[in-house]
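Q: Have a look at this one before I ask anything.
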Amino acid sequence: MKKGKIDTICISDVLKFKILFSLKYPPRRIITTKPRKVEFQRRYTNRPIVEFEIAAQEQMKITELRLAKLFSSREDISSKTGKYSTAKKAEDRISIISSHVIAAPESSSGKPIHHPARTRPPITTHVLDVSRGSPAAGIDILLEVWRGDQSRPTFGATGGGNWVFQGSSATDQDGRSGQLLSIVDNVSPGVYRISFNTGKYIPNGFFPYVSIVFEIKDSQKMEHFHVPLLLSPFSFSTYRGS
């Protein structure tokens, strides 16, 4: 807890005993591993708006872990409890054997359908209104990628290529955009530009729109890129989130 705000952090099962320990003793007496201690020290100096974003990400991790455990526990219960009849056991065995024998589903072209390992698009964003201390809803967002003779645009240069539309959306009540790219395992390397229609959200603000240009290298194509915007009428900032 810092300045009356409760910080959120995702802790795995192996550290559950430390949570119980913290309920009995003050936080300063908690014995923790060096990486976790460093994480707390690093986040303690964060501004409230940055910690708000990190806390939301940690809560998402916690929710994903709880859902995964929920489904796995149901599978364990269904396999360990109840007595099946001979006919039911035979049916179960046939189903298991069939799942191994039957080939993976194929598309109309005859190629196996590939399901990406990602659960969300490789490029995401959200907008926080720091002047109000709340998410910014209803901001139109546009994502583009650079295509042309030059592999990347250069500062001050004109021509040699153009920006190609990739996707668009608008922020919801939580300030998060919808899907800007398809969910794929490997995002195409290149220079991307994400633009926000800030003039529509703040008509009397200084910025009619905000564009952020960033590059994804070939070695980063399997990574996730979260590019948030912290906005006020006369300033804005951004960073690479997770």
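Each residue, glycine too, has its Cβ placed from N, Cα and C.
What TrEMBL lists as domain 'Transthyretin/hydroxyisourate hydrolase' is 123-241. Taken from TrEMBL, the feature substrate binding site applies to His126, Arg176, Tyr239.
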Q: So among the binding-site residues His126, Arg176, who's got the most Cβ atoms within 10 Å?
A: His126
Q: Count the residues of the domain 'Transthyretin/hydroxyisourate hydrolase' (123-241) that DSSP assigns to helix (H, G, I), to strand (E, B) and to coil, and report the three numbers in that order.
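A: Going through the domain 'Transthyretin/hydroxyisourate hydrolase' (123-241) residue by residue, I get 7 helix, 53 strand, 59 coil.
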Q: Restricting attention to the domain 'Transthyretin/hydroxyisourate hydrolase' (123-241), give the mean pLDDT.
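A: For the domain 'Transthyretin/hydroxyisourate hydrolase' (123-241), the model's average pLDDT rounds to 91.
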Q: In Å, how long is the longest CA to CA span across His126, Arg176, Tyr239, which the record gives as the substrate binders?
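A: That value is 15 Å for the farthest Cα pair.
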Q: Sequence gap of 6 or more, C-beta under 8 Å: which same-chain residues meet both conditions with respect to Tyr239 (substrate binding site)?
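A: Those within reach of Tyr239 (substrate binding site), by Cβ under 8 Å and sequence separation of 6 or more, are Pro228.
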